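For reference, the structure discussed in these notes is given below.
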Ligand code: NAD
Ligand code: LMR
């Protein structure tokens, strides 16, 4: 275990003093995400765990003069338990990324057991933490975490999140490119899940309701399959890491702002949701207000066009299967 305190300490109020743990902290996402969490002034303890290089990344990041102690751990000496002990927020980017030709679901066989085991450790060491799952396939890894927490008697649906923020960032960026506008001003709600056709951008709720059909179709396809662009461009060396770190840091920051009692903190995220439960869809991403207990309010989808309704119908069919796959995995492999 490595522990280092930045040279200069800043004062922090109790409401702004949180322990954040990153699992998979030395990976392509983990490193820049940990860096960005070091820059977040609400984080006072940053705990970095990985199978390799956890201590090295922690030492490196600890030299940045912000208000947090950085501690790095590996699997030896009960490192995972120590990394998670009493964490307020756990970010999970541990697991393998895609290569060209693979779907996110093709990662299931490797990542399901990684996420299951990390969830067990979180249940034991920080049962009240907000857990933010980045590892793919998110549509299945989030239900895996839920099942593990249920089996340990500590499941709080308000504290489990699938991170879909990258879809939101892409939607802003890609829409601004076709509309010729400032991406910072393009807020796009993206709902459903986090893979291909389960990603449903609600363009009709932006200022660009009347895009030509060809432009609209191409935009929706690009948002749904934006991950493939990066996988292909990296040509076997992984998937989105830097944009994902930015997305993960934005989502974590919003969770922390909610925990701290700030008002009107809203992010689309994949959560245990009442929206389509009656149709067997236990988890669904929509706009969620974040508060002191995690999920404060799950918002409905608002008015949709026929095209968006159709996309939601298709998304739900896939989501039911993806979610069941995660649940069945934990039942068969507790
Ligand atoms: P990576 O291979 O660069 O890093 C993964 C890290 O996880 C490695 O450092 C590895 O040592 C670590 N790891 C593996 N098993 C572990 C375990 N049991 N405990 C702790 N650490 C473990 O991969 P990456 O590019 O950082 O991607 C990580 C995951 O994030 C992938 O599953 C990828 O598909 C997913 N991802 C999700 C989104 C999203 O929008 N939710 C976006 C991009 C990538
Ligand atoms: C993404 O959307 O970039 C991630 O889910 C990684 C991937 O496999 O595409």
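Each Cβ is built from the backbone N, Cα and C atoms, and glycine gets one as well.
Database features, via TrEMBL:
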ACT_SITE  194  active site, proton acceptor
BINDING   24, 25, 26, 27, 28, 29, 30, 50, 111, 134, 135, 136, 244  NAD(+) binding site
BINDING   98, 104, 136, 170  substrate binding site
DOMAIN    19-162  domain 'Lactate/malate dehydrogenase N-terminal'
DOMAIN    164-329  domain 'Lactate/malate dehydrogenase C-terminal'
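Where TrEMBL records a feature, it is marked here on the structure.
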residue : record                       : Cβ within 10 Å
24      : NAD(+) binding site          : 26
26      : NAD(+) binding site          : 22
28      : NAD(+) binding site          : 19
30      : NAD(+) binding site          : 27
104     : substrate binding site       : 26
111     : NAD(+) binding site          : 23
135     : NAD(+) binding site          : 30
136     : substrate binding site       : 27
194     : active site, proton acceptor : 27
244     : NAD(+) binding site          : 23
Using a 10 angstroms cut-off on Cβ to Cβ distances, just flag whichever of 98, 170 is the loneliest among these binding-site residues. 98
Reduce the DSSP letter at residue 244 (NAD(+) binding site) to three states and note it down. helix
For the domain 'Lactate/malate dehydrogenase N-terminal' (19-162), the DSSP residue counts stand at 66 helix, 28 strand, 50 coil
Binding-site residues whose CB lies under 6 angstroms from ligand 2, from 26, 98, 111, 135, 170: 98
Reduce the DSSP letter at residue 170 (substrate binding site) to three states and note it down. helix
Segment-level pLDDT (mean, integer) for the domain 'Lactate/malate dehydrogenase C-terminal' (164-329): 98
For residue 194 (active site, proton acceptor), what is the secondary structure state per DSSP, taken as helix, strand or coil? coil
Can you name the recorded positions among 24, 26, 30, 194, 244 whose CA is within 10 A of the CA of residue 104 (substrate binding site)? 194
Select the closest residue to residue 24 (NAD(+) binding site) from the following recorded positions, measuring between CA atoms: 98, 136, 170, 194. 136
